[in-house]
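This report refers to the structure that appears directly beneath it.
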Amino acid sequence: MSLLYIILLFTQFLLLPTDAFDRSANTNIAVYWGQNSAGTQESLATYCESSDADIFLLSFLNQFPTLGLNFANACSDTFSDGLLHCTQIAEDIETCQSLGKKVLLSLGGASGSYLFSDDSQAETFAQTLWDTFGEGTGASERPFDSAVVDGFDFDIENNNEVGYSALATKLRTLFAEGTKQYYLSAAPQCPYPDASVGDLLENADIDFAFIQFYNNYCSVSGQFNWDTWLTYAQTVSPNKNIKLFLGLPGSASAAGSGYISDTSLLESTIADIASSSSFGGIALWDASQAFSNELNGEPYVEILKNLLTSASQTATTTVATSKTSAASTSSASTSSASTSQKKTTQSTTSTQSKSKVTLSPTASSAIKTSITQTTKTLTSSTKTKSSLGTTTTESTLNSVAITSMKTTLSSQITSAALVTPQTTTTSIVSSAPIQTAITSTLSPATKSSSVVSLQTATTSTLSPTTTSTSSGSTSSGSTSSDSTARTLAKELNAQYAAGKLNGKSTCTEGEIACSADGKFAVCDHSAWVYMECASGTTCYAYDSGDSVYTQCNFSYLESNYF
């Protein structure tokens, strides 16, 4: 065998793709690339050389079913019919893939011309995508030449759900004909369910959900509804292994709201959500923003990658410590030279005082809750469960001495408030965590539990202020048999139907309401922003138990609350 032949073989080996991507990891970062939102966009290959990003989303295929692409300043050459022909992007795709990155083509975007008339048209379009960007052979024009993307992302923002579930299902059948692993992802807005891809997420096999916690009332800084999406992943998604990504702006200029420069808040948030097997990492808009934005001289994307890695290592260490502790406990008869681990969860004998605060949607309300008790030190752990729209927390406080606490909920609460004052004292002795159910939707000023329930031997007294609605909301169809919550829901719906939103001439950041025509309304920078509800749903207030909610809900149930 000649030396030249050996060198050629070695060179080819070096050029083989290094499949470093781990779909099951919780440290992945996905970035959208192509729209040059910061004005400093570099080539796709340049960003792929960084170890801080793992998934690249080419944005966008913004016209379909008749194809139209837009990559800002990254591509301008076209075929004779006007479709972009991007030879440099094609080369970069293959470079990225050789570095172990996954490259998906994103469909949609905030602006564009795209929709399907029915499922049949969407299924036909699946073949077009496969032939034009995948391993199919039926297309005469391939914008990326021989380069083959690793899948498709649905960043649909036109509030039209028709066809996408059928498209995704058909793509799955075509992927089965391919020679590599393909992925499908979606980028829903954080309000659940999303008006554009809600049906897709509920009925199709999606690998990643890049949830946009920005430009919405729900964000990390307030009304963070991650638990709602976690419940979706675990109970609704056809793919129980779907990975949820925390979608964030790459800088302050990347979005109107939702950017987080507070690294301590980022760290605590990631630590809170990274322990779930459904957590996949962080998604960023966009590469030009996230790589050029620096905090204390460090690129934002690098900061986030380090936080993800740290959280993952902490979780791994915790599991290892727990296993060691268990082994030590079960080996009590071993020699005295053995080192025992101290259990991190200890039994606590305590008495409990329960007080329930039920928070519900309102246009204007201020709730002041005063909690007073004696000093008490507790040791335990916290575990959170959730269902759509409801958060149930089983918790005790971790070794803290509390003498008094005062919680003030202002008009940042997204929904009206129904507060039932009650003073109850119940004494129990237990070595297990005490379960306290909390139902709330609010926008706290700091990242803390919205409603505080403390285990203490004294009585907790809650003193709410008066909740009022505008005079226009009193003309409801409530009857004497209605519960207090049902009456409030009807009053709010009468207010919404009259076009009065929150009943005031101004709104407070984060307030929510419904428009007269059933749109979901959110106050953003002192102005109402309207969003269409998903197909089959409309916006109204409704009650559940002692709580009242304002959000998109099934249309056929609306008449029960008027």
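Heads up, residue numbers simply count up from 1 along the chain you see.
Note: Cβ is positioned from N, Cα and C throughout, glycine not excepted.
Summarising the annotation, Swiss-Prot assigns signal peptide to 1-20. Look at Swiss-Prot and you will find 27-311 tagged as domain 'GH18', backed by sequence analysis. Sequence annotations record features per position, and here Swiss-Prot assigns active site, proton donor to Glu157. Taken from Swiss-Prot, the feature region 'Disordered' covers 329-358, 461-484. Taken from Swiss-Prot, the feature region 'Chitin-binding, high affinity' applies to 481-562. The N-linked glycosylation site annotation in Swiss-Prot covers Asn553.
A Cα-Cα distance of 19 Å separates the residue listed as 'active site, proton donor' from the residue listed as 'N-linked glycosylation site'. Look at the region 'Chitin-binding, high affinity' (481-562): DSSP puts its residues at 21 helix, 29 strand, 32 coil. Long-range Cβ proximity for the residue listed as 'N-linked glycosylation site', meaning a same-chain Cβ under 8 A and a gap of 6 or more residues, is found for Thr537, Thr538, Cys539, Tyr540, Tyr542. Note on the domain 'GH18' (27-311): its mean pLDDT in the predicted model is 97.
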